[in-house]
Structure formats: C-alpha cells, structure tokens
Amino acid sequence: MANVASYLSPDNTETPKLSDRLFETLPSITLLWLTDLADALLFIPTTIMIATHYRPLYLFCKVLLTWALCNIMRITTIAITSFPDPRDGCVHSVGEFFTTFTLHRCGDCMFSGHTVIFVVSALVWTSHGYHRFPRRLRWLGVLCLVFVWCLCIASAIVVIANRAHYTVDVLVAFYVAGGNFYIWTYVFDHYIEGRGRLRDLTHPWGDGPDPRAHIQEREQRRQRELAMDPEKADVRPTLVTSRSMSSFVEPIPPIPIADPLSTSVYERSIRSIVEAEADMSASLRPSLSGTDHPPSS
C-alpha cells in the first residue's frame, strides 16, 4: 500500500506542500537516523520488559493486536487521501507496486507509523512497567515514566523536524495508538480475563490469589484500613473477608411419650370390649347346641 500511496501522491515539486504551524516554528533537519534511533531506544526496552513480565503472553498479545489494528487503519487512510509529501527528495513510485521496495517513498503521510511505536511503547511502560517497582523504589518508576514520555514526545518532534510527516499525522498517530491500546485493554479485562477465558494466557501462575508482591501488599493495606474504619467494613465486607460455611443441623424433635393415665384407660376399654365379646359368644353357644337337626335318611 505504500507503493500505491506513493504512486497516487501528487508530485511535491509541482504541488505546494500543505501549510503546517510546526513547520513554520521548527527548523528543518535531515537526520532521519534519529527517528530510527528513537524507535530502538523505546522498542528494545519495551521488548525486554514484555519478555520478563509475569504475564508475557498476555502483554505480548495486547501489544501485537494494538499494532495490528493501527496498521490496518493506516493502510486504509494512507491510500485513500493523498497528500504532497513534506520531504524534499523523496522517492516517487511510478509502477511495479509488488516488486519495488524502496525507503523514503513519497506519499507516506497519514498517519505516522513511527509515532505509533513511540506511543504504544510509552503506554506499555505506563500500564505495566510502573508497577514492577516495589513501593520503596516507586520514585524510580516515576522517573522512568517521565523519561519514557519525554523521549516519546521528543521523538515525535524529531519526526516533524525531519519533515517525515505533517504535524497532523503525528497527532492522529497519538490518538489512534492510545485509543486502540485501551480498547484492547478493555476487551482483555472484561471479555477474556473477566469471563475466565484463556486462563493459560491471563493467569500463567494458575488459579488462586495473585502472587505479585505489590498486589498482596495492596490487599493487606486495604484490610488494615478497613479494620480501622468499621464504616467501610460494613459497606464492602466481601472484599476483605471470607465467610466460613457452618455445619449447623437443626435437631429432630423427640417423639412425645404417652401419658400413663391415658394408656391405662385405653387398656381397660380394650379389655372390656374383649370381655363383652366373650360373654356374647358364651350366651349364644347353648342355644346353638340345643337346636334339633333333621333326621338323616
């Protein structure tokens, strides 16, 4: 697509360059190697940090997907709208889109791919590098963040001073890279990790509490604060305490024992019924024995 954009871009020797406020402020330089050096100064430490991270695959996938989405957006924007290249002496493609590969082609404007690398590297250090420092060395983490973002902004200024991109190309790269990074962060946190998917990717240490020292320290500090403030403990009891299951079983009520008096009355009534039946059968027996039978033939 870079060859297509170079082919479609107007000739900057005939078409005047676009008006740019920072072009009027910053002097023009021809040190394109500074842009590549800035890429290396940000990309190599970020790669080392990802490789030594406690979740390297998780962070690698998020960074890779961010760059992939940024490049897809860049492919669509770079070939649709063609700007006159701000650099003098850029290479203009005249054909052979799939066989010619040259550096410093014309038309590679919207938006800056180098700035995407700067911003994504700085965001990785902001979201995942700052917490690598223990609490007593947190000041060192702050210094690293300040250095990374100063290097990121300075590298973007170098890109503009080299006339490699217009200022709008660099600003759009900041917006696109930051938006895509936090879009993938939201997707990973809510739709992958939040729903228990890809456990080997998001929880390489296995199920259970997070073993990171700063997470455990933060949880202990939160428990101490809640213990000192009972109102917070009443509001959020489930965040710091766990309810134990009780094995209480309701006892079965005992079978009531019959009253001895009512039992004796019941027995006397049964005995009287039996005696009455016996007397009736005894009174009927003599009449049955005195009855004449018909003579047998």
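Placed from the backbone N, Cα and C atoms, the Cβ positions cover glycine too.
What you see is a predicted model, and the numbers here were worked out from it, not measured in a lab.
According to TrEMBL, the feature transmembrane segment maps to 31-51, 63-82, 102-125, 137-160, 166-188. Among the features that TrEMBL reports, domain 'Sphingomyelin synthase-like' is placed at 106-183.
Note on the domain 'Sphingomyelin synthase-like' (106-183): DSSP counts are 64 helix, 0 strand, 14 coil. Tallying C-beta pairs under 8 angstroms between the transmembrane segment (31-51) and each of 63-82, 102-125, 137-160, 166-188 places 102-125 first. Listed as Cβ neighbours of the transmembrane segment (166-188) (distance under 8 Å, sequence separation of 6 or more from its ends, same chain) are residues 18, 20-23, 58, 61-62, 65-66, 69-70, 73-74, 77, 83, 86, 109-113, 115-116, 119-120, 123, 127, 156, 159-160, 202.
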